[in-house]
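In what follows, a single structure is set out as structure tokens and then discussed.
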Amino acid sequence: MGVLVKNLVEDLKLEVLNKGKDDIELNISDINRPGLQFSGFYNYFANERVQLIGKTEWSFLDVMSPELRKKRVAKFFQFETPCVIITRNLKPHKEVLENSRKYNRWLLNTSNISTRFTSKLMNYLDEKLAPETRLHGVLVDVYGIGILITGESGIGKSETALELIKRGHRLVADDAVDIKEIEGKLIGSSPYVTSGMLEVRGLGIIDVPSLYGLSSVLDIKTIGVIIHLEQWKKDQDYDRLGIDEINRDILNVPVRKITLPIRPGRNIAVIIEAAAANYRYNLNSNSSPVDTIGARMKEENLKNK
């Protein structure tokens, strides 16, 4: 689903110079600067994009003769475009305003300069148009790493998150995690209704920022690791060295997945802290603890020869 232009106007606080149809949508985040079109070039025209008229395009129109400007602008507006945005609060030329009305096109204005507004608009559209999904789990920030805790209901995900919050880490989402893929990264957040809330079985729903302060919650976080909790299975062969790297694909983005078996006496919160610290260490290191042990074993073997 695309972004309605009328919502774009509201969210980015744009001035409406001419109102188009309410059902016009933006479906891509790219932007077109129509300088070539104003010069008469239409061999390729990305008319499905937002059309941005900055100082350069405005000045180009300004130096044209009235007859030529009338012809070029009329040709431009004959193409279906979602909206035309003029930056720097530049006053639209009469021909631009008249043709936007004639063809019922959205004509908007912003006080921002072109480069700043382009960045703002593309970031906005990237977020709104990003592929998204909702997963069952808990998302927390541990040592700056986004940890998505998954597992069957009642396994202890929320209780583990509560222990992590008590230890100074931050909650992003509990129970339902909204995830968007933006530029190859998975950005997790909480649905509005449950934002800042944590459900603990037997205790009920607790308001995390009210109990632990505003610093105990985050609005969004990039997901770095998935920690999957499951009941301990005696015959299951669990990874003991950390060399079996398993990934889970979310929105076609691979994420490192670590399975932690639950059994009495295991402090899952502490283990998750270690997993986050180890993940951050591996991001900046060329060797793992297993490599270090292997090197030491070689040293011992050489000594014993």
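Even glycines carry a Cβ here, placed using N, Cα and C.
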Given ranges 165-170, 261-266, the stretch to which Swiss-Prot attaches the annotation region 'Important for the catalytic mechanism of dephosphorylation': 261-266
Task: Only counting partners 6 or more residues apart, tell me which same-chain residues put their Cβ under 8 Å from the Cβ of Glu199 (Mg(2+) binding site).
output: Ser158, Asp174, Asp175, Ile205, Ile206
- prompt: Any residues 6+ beyond the ends of the region 'Important for the catalytic mechanism of dephosphorylation' (261-266) with a Cβ under 8 Å from its own?
  reply: 155-156, 229-233, 236, 238
- prompt: Which one of these binding-site residues has the most other Cβ atoms within 10 Å of its own Cβ: Ser153, Ser158?
  reply: Ser158
Message: I want the residues beyond Gly151, Glu152, Ser153, Gly154, Ile155, Gly156, Lys157, Ser158 whose C-beta is within 8 angstroms of the mean position of the ATP site's C-beta atoms, in chain order.
response: Leu229
